[in-house]
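Note sheet for the following structure.
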Amino acid sequence: MASNDPKNGGGFFASLASSITNFGSAMSKSVNGLMGYEGLEVINPEGSTDDAEEEAGRGRWKQEERDGYWKMMQKYIGSDVTSMVTLPVIIFEPMTMLQKMAELMEYSYLLDMADKTEDPYMRMVYASSWAISVYYAYQRTWKPFNPILGETYEMTNHNGINFIAEQVCHHPPMSAGHAENEHFAYDCTSKLKTKFLGNSIDVYPVGRTRVTLKRDGVVLDLVPPLTKVHNLIFGRTWVDSPGEMVMTNLTTGDKVVLYFQPCGWFGSGRYEVDGYVYNSAEEPKMLMTGKWNESLSYQPCDAEGEPLPGTELKEVWKVAEAPKNDKYQYTHFAHKINSFDTAPKKLLSSDSRLRPDRYALEMGDMSKSGFEKSSLEDRQRAEKKSREEKGQKFAPKWFDETEEVTPTPWGDLEVYQFNGKYSVHRATAENSEDTTDVKLTQFNPWQFQDLSA
């Protein structure tokens, strides 16, 4: 059946298609060849082309640092720089990519509501709002640490959830995550892919995210848009995620398509998200609108995408108040993720909280953080050498690689699945009488050689 897509007519969001089409022109606020640097693009999200050159002199780097980083990074233009470049800790935040995965759990109550409701379209409203909610945290411009192979992150004491993530592959960097409470199970395999463009970088979310709602066994599949990080070296760094997010109910065929508007002149369209919940016949049933850094609302609509008479917009999600003037723009939940308040009893020694480089950066000691980061990277190379000399192969503890290779808009993905061993481990740990202070545990993700010293 052909899609009755209101974007093609005069519906409530008739301008969406042209906004996406004009993405290229909206992003033309740039200066190419600035100061003799060929291919340099600087974009001021709050201005126009007239002040792009002025914008180039802003940002976190001094002029000599900008020049040095530009010369160093030029050779990588067009490349995937996910793990091939050693970067200074000054651009890092005290968090790893595994912890970043856990930030998706902040508003997990929306998945609880999706499981509880009997309305199939409200189910999609709640679930897609959960998927949107993390973008407020994702706008941070600091780089998280790449996890060490075998590194983990555990989280408890939040909405009844047990969360576990593990770095399952080093080249290419791949992470797997699982979270569960009485209402839902979340499973994710992530293999980020990047393209360095000089003063910006495209981040492609190669991955598979599935949520199972336990009451009816409904399975939801999520495909997010790419993310673009602007002004990496010249100008103030900022993040945009233009494009569409699609969440599909694999059980019923219902779906949500939400459009992230690209940032236009003087910030127009920035943060805006609009779209519809469709039934399996691709007929719009609910319109959704809002800003991913503020709130989302919904309203029942007709077949043309227009609001039904007698209905009104209702807010479904609102961003929680964040700390003022936080150095890393952390939310209260991000601080909670970094703390031991969310750590379970008998925390795994491979947990991200225990990384000495991450902790040193959190304490404000960049020199020590840089030293510890280099030390961990050296030990990781030593373990790899030891493993290869012995003819041994790394195997994740809490996830198993399957034979499934799933296509994504940005490339194929090898799928890892939760093997259930962590649930057994956690039950045993919770029944243990061990009262060891987890903060005193030494970080040790190594499997093949005692490299913790």
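In case you wondered, yes, glycine gets a Cβ from its N, Cα and C as well.
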Stated Swiss-Prot location of region 'Required for oxysterol binding', expressed as one of 166-175, 266-275, 346-355: 166-175
Range annotated as region 'Required for binding to PVA12 and location in the ER' - as stated in Swiss-Prot, picked from 224-229, 320-325, 398-403: 398-403
For the region 'Required for binding to PVA12 and location in the ER' (398-403), residues assigned helix / strand / coil by DSSP: 0 helix, 5 strand, 1 coil
